Amino acid sequence: MGGRSSCEDPGCPRSEGRAPRMGCVKSRFLRDGSKASKTEPSANQKGPVYVPDPTSSSKLGPNNSNSMPPGFVEGSEDTIVVALYDYEAIHREDLSFQKGDQMVVLEEAGEWWKARSLATKKEGYIPSNYVARVNSLETEEWFFKGISRKDAERHLLAPGNMLGSFMIRDSETTKGSYSLSVRDFDPQHGDTVKHYKIRTLDSGGFYISPRSTFSSLQELVLHYKKGKDGLCQKLSVPCVSPKPQKPWEKDAWEIPRESLQMEKKLGAGQFGEVWMATYNKHTKVAVKTMKPGSMSVEAFLAEANLMKSLQHDKLVKLHAVVSQEPIFIVTEFMAKGSLLDFLKSEEGSKQPLPKLIDFSAQISEGMAFIEQRNYIHRDLRAANILVSASLVCKIADFGLARIIEDNEYTAREGAKFPIKWTAPEAINFGSFTIKSDVWSFGILLMEIVTYGRIPYPGMSNPEVIRALEHGYRMPRPDNCPEELYNIMIRCWKNRPEERPTFEYIQSVLDDFYTATESQYQQQP
């Protein structure tokens, strides 16, 4: 195994799995499960009390029949894992290990598994997204499990990769099949990514072109490293694989306020402030502090439990809460801040149109997941999208708008209500649905393509309401392609049922520049 990048960007798309599981793509072959809970808080416990994650479905323990899969035999190949990265224990019950170390898994549930080192015989908890089954494809540098074609392109076009950088990934369309993605360059489009379907033989082998067949994917990779043999490029090095974010601490859902050290104020909104903080001296987080009285603790906890269950790599991950007023919401830290601030910054204002389209596609992917889960955001705008160091966009504050009790916000004519982003039926009748989110997404597209300009420039809220009633829609900016503006206009249909689904919007934005081309290269 070659050396992996030591980057540990919390926003890296590869650092987390797709919904509804948590962990990086490396952990997506796991069964659904809970965080390991080793100690329940008791009434007479001294010191800070940590309340376990209420969304956990099971607890680990010696009598837990679900802690390992059926047919579990300790020490069998199924239970031996190899470390993909170094891990230094940050809790007393954790097990430190070096990349390449082998361990036998004793209990598994969710993000933390109990394991024993084969070398030292020590036992402890390990982050499941730092290991892979021994002799599995996940141990190969070039294999990216569960990654989409679009995210494969984002990875391969990221800094640190070169001509011929490649990955093999699961096929999105054919279960049990694979695709090869390769970084290429052509004078017309610049840096691009080409995709090749890897087909299977009845005998169990693999091929891209029937002229060359291989007994394993490893053999296939070695062959195309020697020469391109019909591919766009000879394979050079595996795609850079950033170190995934460590899973959140076990049993830490409702946490004590003193476990957070506030370090830098990042911004202030209508209902509180956002801070960069350190949790328990070892994990950088973002903390949203809610003004006392802005929502009831009971309503917040109920909504937070629901928000916690929405796990997707284009949604900001909710880690923990402080449930006494003032309420604190603890999430993953996103280095570039809000998309609105980023677009107005020097770096953001230089982003080319294809990157702006990519931001839009990422947000639509997260909203398509919210749509699929029958959830509603209610406050979708650039200020509520966060951006990671590697320019991954994630949706924040989903669901919070529903439980805010501030009259200036709940009264739809109030000064704090985001009129310019809100669908007419939500303004007039309080009818919030996924289709009113689609309207807001159209406004968000306009924010993105104008680099953070306020919608309906020069118009007051009452003027916007009157204009919309008379059929007014914002005109197309000069730099906005007709195809993108057409999406906005469809999002702003008067009748909610005539607006497109987020699933459809995502499909259009993902292939915005390649809709007329085959996504996969044809082999002779």
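The backbone N, Cα and C atoms fix where each Cβ goes, and this holds for glycine too.
Values in this document were obtained by computation on a predicted structure and should not be read as measured data.
Copied from Swiss-Prot, the annotated features are:
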type	residues	note
REGION	1-72	region 'Disordered'
LIPID	Gly2	N-myristoyl glycine
COMPBIAS	29-38	compositional bias 'Basic and acidic residues'
MOD_RES	Tyr50	phosphotyrosine
COMPBIAS	54-68	compositional bias 'Polar residues'
DOMAIN	76-136	domain 'SH3'
DOMAIN	142-239	domain 'SH2'
MOD_RES	Tyr207	phosphotyrosine
DOMAIN	260-513	domain 'Protein kinase'
BINDING	Leu266, Gly267, Ala268, Gly269, Gln270, Phe271, Gly272, Glu273, Val274, Lys288	ATP binding site
MOD_RES	Tyr409	phosphotyrosine
MOD_RES	Ser460	phosphoserine
MOD_RES	Tyr520	phosphotyrosine
Counting Cβ atoms within 10 Å across all protein chains shown, which of the binding-site residues Leu266, Ala268, Val274 comes out on top?
Val274
Which number gives the other C-beta atoms within 10 angstroms of the C-beta of Ser460 (phosphoserine), all protein chains shown included?
11
Write out the long-range same-chain contacts of Tyr207 (phosphotyrosine), meaning residues 6 or more apart in sequence whose Cβ is under 8 Å from its Cβ.
Ile198, Arg199, Leu201, Thr213, Phe214, Leu220
May I ask which residues of the same chain, at least 6 positions away in sequence, place their Cβ under 8 angstroms from the Cβ of Gly272 (ATP binding site)?
Lys288, Thr289, Met290, Lys291, Ser294, Pro326
Please report the DSSP secondary structure of Ala268 (ATP binding site), reduced to three states.
strand
List the Cα distance (Å, whole number) between Ser460 (phosphoserine) and Ala268 (ATP binding site).
23
What does DSSP call Tyr207 (phosphotyrosine) in the simple three-state scheme?
strand
